[in-house]
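Before any comments, here is the structure.
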Amino acid sequence: MFNRKLMECSDDEFVRGSQCDEEDEEEQQRQSSQRPPFYENMRTFAPSHMHISCHYDIPYPPHLIQPPVCGVSTFTYAREFPVSNSQQFFNVTPPQQQQQQGTGGSGEEDYCIPKSEDRDHSSNYSQVATKQDRPFVFFASDCQSPLEIVGEVYCTVPGRTSLLSSTTKYRVTVAEIQRRISPPECLNASLLGGILRKAKSKDGGKTLRDSLKKLGLTLPAGRRKQANVTAWTALVEEEAIHMAKEFALVCEKEFHSREIGIYLTKTSLAIDPDVVKRRTALEMSRKVVGELAELLSCDRTPLTPYFPRNMLPIDPSVQQHLSHFTLMTHGFGNVAMSAVLESVKLMIDESIKYIDRCCSQNVWR
């Protein structure tokens with residue numbers, strides 16, 4: 001049927017139809033060349049020494065972690081990315097168009113997409129992409145390797161809690177800087193420069209912002225900090241977590257739970273000799289402490305990988321508060337609280353054992 005109609009049409013109509021088809025193809029090619037750039041890599045950010053387990057069934061707070069996509073809100077790249085299922089997760093809007101620069105340019109508006117020959121010379125072109133209000137830590141199935149870019153180290157800083165004879169240098173990753181300039185801390189250039197041990201200079205803030213801008217991080221000029229400065233503000237995450245692990249080890253080995261539990265039990269029974277009442281109170285206390293410890297083990301903040309994680313679901317509103325505490329203490333809070341609660345449970349267990357061992361069996365009949 002198509003061949004018959006083609007034979008019936010005149011030569012002029014055939015030429016005009018061919019020209020229309022060529023114009024349509026040129027229009028499609030022009031539109032495809034102006035297609036907005038997508039992310040070349042969708043990143044998961046956490047310190048390089050941590051293991052992050054990606055589970056899509058984990059409820060994350062909307063402002064912190066939001067599966068199943070992954071990336072950073074201000075980490076934007078203007079490189080070509082093949083069309084995939086990731087488009088449904090990103091509400092990408094066309095960036096501002098720029099005039100083509102250089103000799104031989106047509107002057108038409110187009111997106112600043114780097115050419116293949118310029119891949120190795122990133123300084124020769126400008127990277128233009130949109131910035132979306134996305135959570136700063138999230139996961140995706142499109143990631144080639146969750147730890148592929150996690151270990152990007154921005155710099156190393158000397159520890160603030162080390163002795164002069166054994167100064168330890170801690171790594172500061174790009175992910176940590178993103179967390180520090182994001183809520184709840186929202187550090188400004190002055191505080192961030194002090195944490196990174198950058199020397200104060202006339203253009204120190206501008207230099208820091210420019211270096212972060214090359215990594216895709218945006219640090220606004222003149223911003224004010226939102227959270228109060230504490231002793232943990234001066235620590236980097238790796239040092240804070242190192243302190244937490246040492247604190248947990250000291251609690252396990254140096255906190256004498258047995259002796260303290262027996263002493264408290266003797267003191268309480270000397271005031272009120274009701275053994276049944278005392279044992280019931282200890283059982284209820286242990287239950288409450290266990291519930292709190294189980295809740296902390298459900299924390300899904302990326303800075304809490306050093307204790308076994310409970311896979312029970314957790315309410316997003318509660319996860320938001322746990323993440324706030326963990327981010328304010330840079331990973332120290334959750335680990336330290338878990339260590340303290342474990343010591344308290346051991347103390348309660350020793351108190352119950354002492355009551356069962358030393359008190360008369362007639363009491364329980």
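Glycine is treated like the rest: Cβ placed from N, Cα and C.
Given the structure is predicted, the values throughout are model-derived calculations rather than measurements.
Feature annotation from Swiss-Prot assigns region 'Disordered' to 13-40 (among others).
The region 'Disordered' annotation in Swiss-Prot covers 93-126 (among others).
For the region 'H-S-H (helix-span-helix), dimerization' (223-356), the model gives a mean pLDDT of 90. Residues annotated as region 'H-S-H (helix-span-helix), dimerization' in Swiss-Prot, with sequence analysis given as evidence: 223-356.
Sorting each residue of the region 'H-S-H (helix-span-helix), dimerization' (223-356) by its DSSP state yields 95 helix, 0 strand, 39 coil.
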